[in-house]
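Here is what TrEMBL records for this protein:
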- 12-38: transmembrane segment (TRANSMEM)
- 20-79: domain 'V-ATPase proteolipid subunit C-like' (DOMAIN)
- 59-80: transmembrane segment (TRANSMEM)
- 92-117: transmembrane segment (TRANSMEM)
- 96-155: domain 'V-ATPase proteolipid subunit C-like' (DOMAIN)
- 129-155: transmembrane segment (TRANSMEM)
C-alpha cells in the first residue's frame, strides 16, 4: 500500500478526538453528579431540620447521584487506554461518540436525580409512604445514565478494532 493511505485515514490529529471523548465522559458525568448531589443535599438538610431521624434514609438520592460520576470515570479510563499516538480517524470519532453518549446521558440523569431527590426527600419526611415512590422514580432517572454507559461501552469496543 501507498504511504498516502495511512496519513489519509490516520491523520496526526486523530488522538485529539479520543482525548475529547474521555474528557467529555468524565466532565459531563461529574457535572450531572455534582448537580444531583447538591440539589438532593439541599433537600436533605432542609428535611433534617424537622426530621433528623430520617437523614440516613434520605441520603439515597445523594448516593445515586455519585454513582453517575463513576460511570463517567469508567468510560473515561477505557477510552484513555485506547488512545494511541497513531490511530485511525474512525477510532477517534468512535471514542468521542462514546464519551459524549455517557457524558450527556449522565448529566441529564444527574439533573433528574437531583430534582427528584430534593422534592422526594422533603415529601417523604411529611408522608413516609412516599419513600417507595421516590426510590422508583430515582431508579428510572438513574437508568438513563446506565443507557449511556451501555452505548459507550459498545461504541468503545468498535474503536479498538480499527487500526492504521
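Yeah, the Cβs are placed from backbone N, Cα and C, and that goes for glycine too.
Broken down by DSSP into helix, strand and coil, the domain 'V-ATPase proteolipid subunit C-like' (20-79) contains 57 helix, 0 strand, 3 coil. For the transmembrane segment (59-80), same-chain residues at least 6 beyond its ends with a Cβ under 8 Å from one of its own Cβ atoms are 18-19, 21-23, 25-30, 32-37, 40-41, 43-44, 95, 98-99, 102-103, 106, 109-110, 113-114, 116-118, 120-121, 134-135, 138, 141-142, 145-146, 148-149, 152-153, 156, 159.
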